[in-house]
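Everything on this sheet refers to the single structure shown next.
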Amino acid sequence: MAAHKVNFITGNANKLREVKAILEPEIEVTSKSIDLEEVQGTLEEVTESKCRRAAELVKGPVLVEDTALCYTALGGLPGAYIKWFLTTIGHQGLNNLLAAYTDKSAEAVCTFGYCAGPGEKVILFQGRCPGKIVPARGPNNFGWDPVFEYEGQTFAEMDKVEKNKISHRSRALAKLQAWFKEQQ
């Protein structure tokens, strides 16, 4: 039996699978798909706002996530707005953003917010993974994974178990797991 339970607020089946693969069985993860307004701001501000609102709606413990893809040459853009960039310009467009630059380095950043319930403090857990932007390689079934390369392989080319050991998401969730252990 899991010592802790959280409602992961997501409509993204791939994210849910990754989170469950990393957290369970120590932390039981259930899922609710709630369309939460995303404020404009830093990744931390966006995550905190979504987490507060989700806790109010669920009236219980929630976990929310926001991801950024930060290009060094563009001063951190597209950042927290990567979802909208990808939807609008696709993988080729994400590459084209760096056409005028020799620096293709980027950082994948994942921020999870946990809130025990309405009115409770939001606690943030952030993970980062360095890499670079490359022409799309691998299956096109999870966001920008085909264009983000870490140590010679794009996230899309990696075995899921391997990706879950090194990704920005796994690094953030490791911090969440450590925090939950401290609370026991």
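For all residues, glycine too, the Cβ spot is worked out from N, Cα and C.
Lifted from Swiss-Prot, the feature list:
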- 10-15, Lys50, 66-67, Lys83, 142-145, Lys163, 168-169: ITP binding site (BINDING)
- Glu38: Mg(2+) binding site (BINDING)
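Recorded features from Swiss-Prot, shown on the structure.
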{"residue": "Thr10", "record": "ITP binding site", "Cβ contacts under 8 Å, 6 or more apart": "Leu16, Val19, Ser31, Ser33, Val64, Glu65"}
{"residue": "Ala13", "record": "ITP binding site", "Cβ contacts under 8 Å, 6 or more apart": "none"}
{"residue": "Glu38", "record": "Mg(2+) binding site", "Cβ contacts under 8 Å, 6 or more apart": "Val46, Ser49, Lys50, Asp66"}
{"residue": "Lys83", "record": "ITP binding site", "Cβ contacts under 8 Å, 6 or more apart": "Thr67, Gly143"}
{"residue": "Trp144", "record": "ITP binding site", "Cβ contacts under 8 Å, 6 or more apart": "Leu69, Ile82, Leu86, His91, Leu94"}
{"residue": "His168", "record": "ITP binding site", "Cβ contacts under 8 Å, 6 or more apart": "Thr67, Glu107, Ala108, Val109, Cys110, Gly127, Arg128, Cys129"}
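Secondary structure at Lys83 (ITP binding site), taken from DSSP and collapsed to helix, strand or coil, is helix. Neighbours of Lys50 (ITP binding site), defined as other CB atoms within 10 A of its CB across all chains, total 24. For the recorded site, the residue listed as 'Mg(2+) binding site', the DSSP three-state label reads coil. For the recorded site, His168 (ITP binding site), the DSSP three-state label reads helix.
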